[in-house]
Amino acid sequence: MSSGTLYDKVWDLHRVADLPGGSTQLFVGLHLIHEVTSPQAFAALQDKGLPVRCPERTVATVDHIVPTISQKRPFADPLAEEMLSTLERNCANYGIVLCGLGSGRQGIVHVIAPELGLTQPGMTVACGDSHTSTHGAFGAIAFGIGTSQVRDVLASQSLAMNKLKVRRIWVDGQLGSGVHAKDLILHVIRSLGVKAGVGYAYEFAGPAIDVLSMEERMTLCNMAIEGGARCGYVNPDGVTFDYLQGRFYAPTGEAWHRAVAWWSSLASDPNAVFDDEVMFDAASIAPMVTWGITPGQGIAVDESVPTIDSLEPNERPIAEEACRYMDLEPGMAIEGVPVDVCFIGSCTNGRLSDLKAAAAIAKGRHVAQGIKAFVVPGSEQVARAAEAEGLDGVFRKAGFEWREPGCSMCLAMNPDRLEGRQISASSSNRNFKGRQGSSRGRTLLMSPAMVAAAAITGQVTDVRKLISNTVPSKSFHQ
């Protein structure tokens, strides 16, 4: 009887050769590229006169540097315009599909590939972006790579990799009202630490994972990297197949039925052996907020910033540094901390279900005075779907700005930035110093619903308090 994990199965299927030193040459089934990490890679190919080995397995989009208020060309930022023009030229020269601005398919790379059906179970997926682990939600093995590796994949459609150990993260129970996948992964990272996953792939499993939507699973896998893991994944199941069916690049007809049968066989076997296992109880998890300068410095919204002496000795120096940087006092409640900017979007939480969760909180309310709040859909498809359901109107009426798709304030590569000592409530994935623009800017990570609650109240707020006062509505058009 087979006794392998999904990771073992996908690894073995893509192994090209065993290399000296213990690494493996691994075939890459899907290579996703964007405007930031691809120019140098293409330049290296041109210098050596090399073609792109498998242009049909390479798909490009533009996301990091695009402005979200107006995407009229040429961009005001000449460097951003040059980067996009270079990507357009490289894709045209090498025969690579580009999901460009206005194509109906543009967006954040980790949003568009799943929604187009490009990401499928059993694949190996590589991209020059840290959060490529997102695609593991489909039962793929997906990993971020550097620019030199982007070059290698373009040239050979393969990579030299070391096999990872596998840690299964089993989650029992069900998440409570107002608690989302973002809260679950922040809780996991808080509990295990930001370095616990080094050398591991994380398999997310258990009753709480089984009932998550694909978009929630993507949030979970997206932030596995923040816990130190190289990749995270969920075994493919009926939820996966229902999401993929009918998507542009998904198989059809008899090929679909064959694909589903094969995909089903990839799930980790009941007697699979894991290198490590940890368990969590979903019912015990509350809405989370980061208070510090790493994603591991998170607490439940009804908790307080930890006192220094309550921490392990190795955690104390960075906790002291974080409190100084964030202007927070050890022992103070996180709920009630004032915010300046509220950002809903990113490859972590810029999908339709994320926007719906935030809109449910915003509907019938208004952004607090002095708060800048804006919503950036993760893709053109997400934007159009949200607009069809009236979400843009809900947000605008509540005082939020409704923007064009892009990475936006997740990182400081476009005009959406914090200024000075501003503090943001953000649905993105990293709260490092200066991550969102200003070298002195501060970031509080939380779910989209929690960001919406902060925007309405002007401070960190337990979203469950607003949910209890929300009248259910079947339509955002009402």
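The backbone N, Cα and C atoms fix where each Cβ goes, and this holds for glycine too.
Residues or ranges marked as [4Fe-4S] cluster binding site in Swiss-Prot (evidence: sequence analysis): CYS347, CYS407, CYS410. For CYS407 ([4Fe-4S] cluster binding site), other Cβ atoms within 10 Å of its Cβ number 30.
Cβ contacts within 10 Å of CYS410 ([4Fe-4S] cluster binding site), excluding its own Cβ and spanning all protein chains shown: 29. Using the Cβ center of CYS347, CYS407, CYS410 for [4Fe-4S] cluster, the list of other same-chain residues with Cβ within 8 Å runs, in sequence order, ASP63, HIS64, ILE108, HIS110, HIS131, GLY345, SER346, THR348, GLY350, GLY378, GLY406, SER408, LEU411, SER428, ASN429.
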